[in-house]
Amino acid sequence: MLPSTGMLDALAGWYQRRHSRAIHNSSWTIESLNGESNVSGREEAHTSGQALKQAGLKFDLVFTSLLKRAHQTLDIVLQEIGQTDLSVVKSWKLNERHYGGLTGLNKADAAAKYGDKQVQIWRRSYNVPPPVMEEDHPMNNVIVNNPKFSMIRKKDFPKVESLEMTQRRVVAFWTEEIVPQIKAGKKVLVVAHGTSLRGLVKYLEGISDEDVMNLNLPTGIPFVYELNENMKPIKTLQYLADEKTVLKSIAKVASVGGTTKQLQDQGN
């Protein structure tokens with residue numbers, strides 16, 4: 001995501017944008033918009049900020065994850081909307097999903113080891129997690145000993161996550177930290193990630209465990225919810241882009257979702 005979300009007023013709606021894509025929007029390792037290969041990611045971040053600006057949206061507070069890619073996206077968006085001085089709250093509970101033992105594998109390696117059908121189930125299902133990341137995994141110490149994750153209690157530190165497990169922490173953060181700010185009248189911007197946002201959308205819209213497998217959130221396109229007094233959507237999410245652009249981006253995300261790509265971006 002880049003996920004960005006914001007409230008029109010105390011209870012009106014929140015704007016969410018998906019965070020611009022790396023090789024794979026995985027989560028807890030090296031993930032950056034810098035470098036030649038991520039020109040499209042930076043362009044998406046600029047486009048998203050411009051869309052928010054054109055919609056006339058201004059914010060009072062920002063929530064984001066602990067991952068570098070989200071921070072880089074946020075910096076670009078804030079520059080575009082002219083609000084670089086906003087207060088930012090960072091939490092690991094908005095991090096992308098932890099892919100466990102799949103971290104570091106490309107499509108060919110994962111398919112050869114587990115079968116492409118099984119890998120697709122792990123990536124798109126609601127409650128089927130991949131294998132855990134064992135202590136001897138080459139990325140385990142990189143993630144566990146990363147100082148930015150030092151606030152995570154040992155018993156809470158994930159070794160792998162399904163969408164269901166990711167949703168649990170994201171919804172808890174939404175309920176405990178974001179909703180009170182919205183109810184207090186704050187206009188909130190949220191910058192997060194693909195799977196963490198899928199879990200939140202599933203929760204808000206009451207999407208079934210089966211149907212969420214087909215939910216693809218387009219990259220680089222902000223979207224808005226209008227919420228009632230119970231913090232539930234008055235109608236489904238609305239994208240700040242024309243239908244053709246939205247459908248093209250959704251198709252692109254869906255095509256990537258059919259592979260494992262490189263599940264190695266879980267850290268910065």
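The count begins at 1 with the first shown residue.
Using N, Cα and C of the backbone, Cβ positions are placed for all residues, glycine too.
A TrEMBL annotation is a machine prediction, not a hand-curated record.
According to TrEMBL, the substrate binding site annotation covers Arg69, Glu96, Arg97, His98, Tyr99, Lys107, Arg123, Arg124. Summarising the environment of Glu96 (substrate binding site), the number of other Cβ atoms within 10 Å of its Cβ, over all protein chains shown, is 28.
What TrEMBL lists as site 'Transition state stabilizer' is His193.
Around the Cβ of His98 (substrate binding site), a 10 Å sphere holds 26 further Cβ atoms from the protein chains shown.
Comparing local CB density within 10 A for the binding-site residues Arg123, Arg124, the maximum falls on Arg123.
Within 10 Å of His193 (site 'Transition state stabilizer'), as judged by C-alpha distances, no binding-site residues are found among His98, Tyr99, Arg123, Arg124.
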